[in-house]
Structures are given as C-alpha cells and as structure tokens.
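Presented below is the structure to which this report refers.
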Amino acid sequence: MKRLAWPAGILAALLLVNLIFTDHFFQIEIKDGHLYGSLIDIFRFGAPLILVALGMTLVIATRGIDLSVGSVVAITGAMACLEISTLSSQDSIGGVLGAIGIALGLAVALGVGNGFLVAIVGIQPIIATLILMVAGRGLAQLITDGQIITINSDPYKLIGGGYWLTLPFSIIIVAVVLALMAFVTRRLALGLLIESVGGNAEASRLSGIRSHGLLIVVYAFCALCAGVAGLMISSNVSSADGNNAGLWIELDAILAVVIGGTSLAGGRFSLGGTVLGALIIQTLTTTIYSIGVPPETTLLFKALVVTIVCLLQSPAFRAKVFRSRRKPAPPTVPAGEKVTVRT
Amino acid sequence: MAEAILRMTGIGKEFPGVRALDGVDFRLLPGEVHALMGENGAGKSTLIKVLTGVYSIDSGEIELAGDRVAFAGPLEAQKAGISTVYQEVNLCRNLSVAENVFIGREPRKFGRIKWGEMRRRTTALLRQLDLPIDVSKPLSHYSLAIQQMVAIARAIDIDARVLILDEPTSSLDAGEVAQLFRVMRRLKEQGIAILFVSHFLDQIYEIADRMTILRNGRLVGEYVTAELPQVELVGKMIGRELAELERLDERPPARTSDPLVEATDLGGRVAPFSLTIHEGEVVGLAGLLGSGRTEIARLLFGADHAASGTLRIGGDQVTLRTPRGAMARGVAFCSENRREEGLVPELTVRENLILALQARRGWSRPVPRKKQDELVAKYIKALNIRPDNPEMLIRNLSGGNQQKVLLARWLILEPRLLILDEPTRGIDVGAKAEIQKLVVELSDGGMAVLFISAELDEVLRLSHKVAVLRDRRLVAELPNDDTLTTDVLMETIASGGAK
C-alpha cells in the first residue's frame, strides 16, 4: 500500500526518536503472563483514540464531520459508572454488562440523533454535531450530578485496564472493531456506498443509494465507537468525570484521520491509515513525556510536530521540496543580467 | 445607425482541445437590447466572460466607445462601464437594499457613513426604475426579480454603459418578467446598451431589437429581430447538418404492445403533460434547452416529485418518491449533467460502472469481484470504452468515455425504460454514432427508450415518435413517418405547435 507509506514512515521515525531517549524502548517482555513494554503502552493508551478515529473516518468519508465524539465519550462513561454504582454488587458480571448495554445504547441513540440532523433535517455536519458537543458535556454533568462518580468493579476494570490472553483487553477490542469494519466496508459493499455518497451525493442518490439511511448508520456507528472509547477511559480510572473525559479527543481523532490520508473533502477513506495516524499522535504524546519537554510547552511542541507531519503528507509540499533539491545550481550569470529563479 | 458603443472584432479563444470562439465579431449599439443566441456550447458564455474580463482573448480586439481595451479582470471591465447581472444575484442578501446599492462606495463625511443620504439616493434611483420599495429592508425580504433589479440599479449607478443580463428570467414568473422588461425599456431610453441572454424565444422577440447568433464558437450572423422569423432563428441556432449518417435503417414501427409507461396530466416543474411509451419504442423529446425536457425525465425517474396527474408503469399506478422506487419499476435515467449527477470522480471506472447495481443490491450483498470483473470487461468491450483499464479513476477519462461508463451503469440493470438525457452532447462523432447504434439495438431488443437531445437530426433518426416541448409545455406529439422532417420539427418548436 503506497498510500500508507508516508504515515508509516513518520511513525517509524517518531519511534526511533524515542529509542535515543529511552533505553529498551522496543523491548517487549512478559511479566506475570502479561505483555509489557513501551510499544504495548502506546497501543494500550492509544486504544480509545484509535476507536474514535475509526468511527470518525467513516463520517469524514461521507464528507461530514463529528465534533460530538468527546461529549459522547463523557456521557457513556458517566452512564456506565452511574449504573454500576447503583448495583448491589459491583462485581456482578450481569449487572456490569447491563450497565454497558445501557451506556452504549445511549451512545447509539445520540449518534442516530446526529445522523437525523445531518441527513433528514439537512443541517451542516459541523453545526449539527456542535450541538451535541456543547450540550453533551452538560448531559454528562447531569448524569454524574456534577460529581466524579468513583466505582470499584473488577469486571468493568477489565475493559480499559485488564488483560486477556496476555494482551491488554483494550487492544483486543480495537482489533475486533477494526476487523469487523474492514469486513463490512471492504468485503461487503458498505465502503463503496460510503465513498460514493462522499464523492458525489447527488449522483449517488440518482444511482439508487439510500444515502439518508446510510448517513444515519454512519453517525450512529461513530457514536458507538466513541461510546466504547468512553467505557475504556472511565474503566481505566474506575471513575467518570463528565467535565474532562474525552476532552478535545474529537480534534485528535480528526487529525488522525487526516494524517492517515482520508481527505476532509470526503470520498476515499483508509482504515489502516487512520490507525497509523492515531498511533502517530499517541506516540507523539509518549515522546513528549520521554524526552522531557517542559509541560508548559507541550502543546506548542505537539503543534510543531503535527505541522511538519502534515507538510510531509502533502504531495504539493513534497513536490516543491524535491524539485528544489533536484534543481541543479543556477548557472553563473554575468553581473548586471537579470535572473529569475523559480522556487 | 448610431456609432457602436462596443465593438469586438475577430475574437478567438481556445481552451485545451476546444476552440471556444473562432473569429467572432460582435457589436452593441447604445440604447438597444441585443440578444446573444446559440445552443449550449455555442460560445455565448465564453463571449460574455471575455467581455467582462474573466477570460483573456487569444486573438482579436475589443473597442469600447472607440478606445481599444484589454481587461485584466472583472473589476477593470466594471470600471470601464461594463456591468453584469447574473442569474444568481451576487449581492449580500442580509444587507439592506440601500447598503447593497452603495456597498464599497458609501457616501461618507469625516469617515462616517451618511445613512440618510444613502437611503435617499437609493430611493430616487429605484424610483427611476419604477420600483418604489423600502430601501432599508434587507434584500432577502424581496423577491428574486426585485433583487435582480436592485443589482441592475447598482450597476447603472456605477455609470454602466453596457449592461449584460445573463439568463435573468430563468427563475422569474410572467409578472416578474414583465416588470424586468419595463426596467429594461427604461434603461434603453437612457441610452444604455443591454446584452440579453435567454433561452425563452418569446421573450427574445418581445424585448430584443437585434440579435447575434453563434454556433460552435463561430458567428452565424447579426440580425434585426423583427426581420428574422422564429423558425429561421431556430434553424440558424441548431444548424442544418446534412444527414451524413443516413437513417441507421428504416425503423420498423415499434411492435404494437401494451404501453409500458403512461403519464396522464403529470405535472411538476413542467406544465401537466400526457405521454405514453410502449415497449421497444424510442420516444424522442425535442425542444430547446430549458424547454422542460429534463424536467419530464426527472419526473418519470422519481428524482422530482409530481405535483399533479397519474403515472402508470407496466399497468400499475405508481407514485415515485425516490429514484430508487423508479429503479425498482425498471426505470433508468442517464442524466445530462455528467459531472454533478453522474460521475463519482474519485472512484474507478469499475466502481462507477457497478454503482447502480450495487445500490440496488444494498450494502450487505456485494457483487462478487469475479462477477464485477466480468460485467465491467463485457461493457468496456461492448461500448468500446477507452482506455480499457477498469481500475483507472473515471475523472481521467474523456467525456465520451465517461458517458459510456455511465450508460453502462444503467444497462447492467437491464431496465425496461431507459431515459437518456443528452447522451451525445459534448462527445466526439465516433462515440456519438456508437451510442446512437446502441439505442437502436436496445429498442430492437424490447427496451423502451426516452431519448432527449437538442440535435433534431439525431432525435429524428432514432425515434418512433417525437414529443415537442416549448417553454416547459409539451406542445405536440408527432409520429415519425415519412412526412416528419427536421424542418417540421423546427417549425413546431418555433410556433409552439399552433399552426
């Protein structure tokens, strides 16, 4: 896959930078039957972002955008923790599954709402999802009653912090979701229909594609992904924080999708690219800690790296850089003669 | 005859692969309404864009009031006194009428805008045009016709000597058109030269003093409207090509069969019409651009909703709400607007070709890849699509080949009624003949075809019967027997069916 070469190369470069600062960065070992290592950590901590970005990929492929994923993360975490906190035994597997079901059901309902606003009412996606982005934080606060709900549930802890078959459980969830998405979009025909609607909505409608239904499904799925990510985040800390859970994750997710090579103009999308994009962002966060960037400059540092990454991703920029590099030295000209050098 | 305010001589303009204008002469006299006529692609818009400084010219010269000019951009043309009002009003609808008229040149005193003077001058200006409206209301408060007239008022207030009205009437109703014409007559009296473009022949004959006709980027001639009968105008616009391709064969009459499609008083964006199409029958729709041809097609395909009347397909009465519903009844529609309603440019030839089939099957039942490759290979061969690489992005194909891919998209579905809207427009002669041949073969195989084309020769060659449209009204239905000729068709289009 030539399209993925650039994001893959950038990721590799970032990882190598870490090797300089952190000894044994690439080392993976088994402790107590669990896989440990910096690389595993990047995957584990990056799992929620990867999930949100995967859902976002499909939305962006339809020429849309979903700003509400961060709020959905907070809402599902809050909902799940609230339900679990009311259980008589917080370790009851049935009770925890019920709580997860309610929370994810709520996420899907919110996503259907987004899809309805975009597809049926015809509001621009950025505005339609902005509503939930803002209102959703309030909803999460309402659910938690403005407090941070703390729980103590081992089954729930498994989602974000547990291990299964030596692997972190969150990585397994991501792998399953990715495999399912790849199957449905690439082995089945959903991917083609999404790309067609994103590429030319009117032509798709005239070709008989039910674009309204398709949009609602895509927004609902994006919210579901955000919901699962919300469970992971709250499970990892065994608490729900309506204010800060998933804050700004929508921006990281959009960035991951774009770095992965899916255009904001809709159409072609790449799930593999999005995973690489999310990993790049997560690795960057890890790198910032490992090379000891002062906390007050982390955001600036991140912005700088992201700018460089985006420039490297841009074919126009690359063409320019390579052209000027290949250009032979300008011939010596007698003084006084006017030269124009194209850059 | 008065001295021309604007004189264009030997104008040439070339785009990659197309000679859009070829030695065109054009002159505009002060105080006249001059119609620029021609079919789609004749070069009208290119000429206007050259005149307004949007395009530069490759050859020829432009003289404005005797001085040779060359505009580097629209702003320069405007400063020289050439103003354009487009069909889509390009004013700020959320600002007041007065603000729109004076935007960018507000009367000021010590840096403050003199609102009172602005309103007074706008009111006076509009009163000159018989338009007594409240100028402090936002522009969006008024109808499109009034918005257009505000745009015109703004143009004349900036000392326009030449006013270009590009399709100003296409979205106006009869009363609004009359209002606009009143304003135009008044401007004429003030000595302003007006260049007017419209697809409505009646309007041309009502308002235009003279006209210039273009065809295929060349000048056909300059005429005084009153001296050119409508039928000759239509003839000059369309051009009487000698039928190089003879009738493909003597068309056997369509087998008498049950009617496949029966529309009774079906109306929407066209006046209610009745039309019957039998299996294996090719029905031609003739009429000028904007005469309602596409609207009929979209009604039959469920892309627009019918406001009145009934539609029966295969004997069942149906109400089409979506294209999908029409497809389920065996109707396929190949739009004239390839770029906006046909192509998905980022997808490959293969993906574009199977799109409608896949849409019909839904997301969960993919067309197996092997079957896709077979279908695509078959149609690439059958329609002679070049280059024959199914994995190429469709946007990289030529227009004719894109058209064939879109045609194949529908043929794969094996529809009972195939609606082709301008399937041969803008494609080369070879591809054109291939598509015509295909239409004959399909109808011989029992498919009903509704064939829409601006080229009367083509309509006549392929159709069993021809329905004639004019000004969004179906005015005649003529069986294609030996007596039907392009002349008769032109006569019908020009006279509106009234004999």
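Cβ from N, Cα, C; glycine included.
Within its own chain, the transmembrane segment (A:38-60) is flanked in space by residues 15, 18, 22, 24-28, 66, 69, 73, 125, 160, 168, 170-171, 173-174, 177-178, 181, 185, 194, 198, 218-219, 221-226, 228-230, 232-233, 246, 249-250, 252-254, 256-257, 260, 262-264, 266, 269-271, 274-275, 277-279, 281-283, 285-286, which lie at least six positions past its ends and keep a Cβ under 8 Å from the stretch. As annotated by TrEMBL, transmembrane segment applies to A:38-60 (among others).
According to TrEMBL, the transmembrane segment annotation covers A:67-87 (among others).
What TrEMBL lists as transmembrane segment is A:93-119 (among others).
Within its own chain, the transmembrane segment (A:126-143) is flanked in space by residues 65-68, 70-72, 74-75, 77-79, 82, 110, 113-114, 117-118, 240, 242-243, 245, 250, which lie at least six positions past its ends and keep a Cβ under 8 Å from the stretch. Feature annotation from TrEMBL assigns transmembrane segment to A:126-143 (among others).
Look at TrEMBL and you will find A:163-184 (among others) tagged as transmembrane segment.
Within its own chain, the transmembrane segment (A:214-233) has Cβ neighbours under 8 Å at 47-49, 51-52, 54-56, 58-59, 61-62, 64, 66, 68-70, 72-77, 80, 100, 103-104, 106-108, 110-112, 114-116, 118-120, 156, 159-160, 170, 173, 177, 193-194, 197, 245-246, 249, counting only residues six or more beyond its boundaries. What TrEMBL records for A:214-233 (among others) is transmembrane segment.
According to TrEMBL, the feature transmembrane segment maps to A:245-264 (among others).
What TrEMBL records for A:271-293 (among others) is transmembrane segment. With a threshold of 8 Å between CB atoms, the same-chain residues lying at least 6 positions outside the transmembrane segment (A:271-293) that come near it are 1, 3-4, 7-8, 10-11, 14-15, 17-18, 21-22, 25, 38, 41-43, 45-46, 49-50, 53-54, 56-57, 178, 181-182, 185, 252-253, 255-262, 301-302, 305-306, 309.
Long-range contacts of the transmembrane segment (A:299-317) within its own chain (CB-CB distance under 8 A, at least 6 residues past either end) are made by residues 6-7, 10, 255, 258-259, 261, 280-281, 284-285, 288, 293. The transmembrane segment annotation in TrEMBL covers A:299-317 (among others).
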(message) So if I exclude everything within five residues of the ends of the transmembrane segment (A:245-264), which remaining residues of that chain have a CB under 8 angstroms from its CBs? That is, six or more out.
(response) 3-4, 6-7, 10, 48-50, 52-53, 55-57, 60-61, 65-74, 77-78, 133, 140, 226, 229-230, 233-234, 270, 272-278, 280-281, 306, 309-310, 313
